[in-house]
C-alpha cells in the first residue's frame, strides 16, 4: 500500500485512484486522521479540481519562503530555504507531488530545514524544532544573556514552555528514506537497523582486522575477501608485533581505572554534588562564567568556577564549544594540602563526561588551580549543559597523605 493510500485510509469514499489531489489528502489527512481524509478530502479534491493547489502545500511553501527572506538567517540556510521553497511551491501549484515530498516542507525543522531524526519540540504556536536545534537555541540565548525565542514567531521558548510533538515524531519515522549504501527506500524507523544489520552493501571490515588487516568493503564481498586474506598466515613474530601495539593501547585505557582504584584506598576521601550557576563579568563587554556556592569537603571550604571557550569574546558565534573549570580553596591551611580531584556527571543528567584525574598542592599562597578542561565528549554535550538553568556535577576529592 502506498503512502497516499495510507493517508487516505483506503476507504471507498476516496473514489478511484487519481480523483483526489495529493495536496488535499495531505492537508486534511495529517491533522484529522485517516477517516477524515477519506471523506472531506475526497469531496474537496473533486470540487477543486486537479489544477488548484492545496492549502497545506502552499502553507509549507510560504513557511520556507519566509525563512529564505529572513535577513538574520545564515547564508547557507537562506539558500537552502530558497531552493526548498521553490520546489515546494512548484509541487503545490502542480498538485502532483508525492505525499512524502509534500509532507517534507510541513514536518521539517524550522531552524535547519531538515526532517528531525529523533525528538521533535514545538513552541506554544506549534512551530517545530528538532532536538539538536532546540538545545542549540537555548545554549545560544544563555551565552548572549537573552531569552530564547522561536525563529518563526519570536515567542519565548524554554524547556518548560515547549513540549514534544509525538504525532510528528511518529509521522516522520514512517516517511521513506534512502539507504546510503544500496539506495533502496525504507521507513525511517527501520533504516538504522537495515544499514547496520541487513544491507548487503553496507561497509564492513575483515574479521582479521585485530591482527592488522586494513580491508573495508561491502558486506556481500566479505566472504570472498576473508577466504583470500593473507593475514591468517602471518608468522608468529609478525603477530607478536601487532599484539604488542594492542597491549600498549590497552594499558593506556586501564591506567585511568587503576588510578581511580588506587585513590579509593586513601584514608581521606570526600565528594559532593555541586551546582554551577551562571553569572556575568563586570567588563564593558560582559562574559558568561559559572560559579558554585561555597561547599565543605575534607573539612575545608571550596569553590568551583567554570568558563566557556576559555572566556572567548563571542562564544555564541563558534560551533565548537568547550567548558573549563578551576578549583579554589577558600579556607586557610597550616600545611600544604596535596589533593587529587575529578568531576563526573550528576545523578540526574545525561551529559557524557570522560573522567580525568587532576592533581594539585594547595597552600595559602597558591590556593587555586589553573583552568583545566572539563572532559566533555563533544560540542553537542556542551550545549546540553549550557541550555540547562544550572549545571549539576559531582566532585570527588582525595587527600594525599605522606
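Cβ coordinates are placed from backbone N, Cα and C, and glycine is handled just like the others.
TrEMBL does not curate its annotations; it predicts them automatically.
Feature annotation from TrEMBL assigns region 'Disordered' to 1-25.
Per TrEMBL, compositional bias 'Gly residues' is recorded for 1-13.
Annotated compositional bias 'Low complexity' per TrEMBL: 14-23, in sequence order.
Annotation comment: TrEMBL describes 109-154 as domain 'RING-type'. Taken through DSSP, the domain 'RING-type' (109-154) splits into 14 helix, 7 strand, 25 coil.
Per TrEMBL, zinc finger is recorded for 155-213.
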Average pLDDT across the domain 'RING-type' (109-154)? 89
For the zinc finger (155-213), what does DSSP give as the number of helix, strand and coil residues? 23 helix, 12 strand, 24 coil
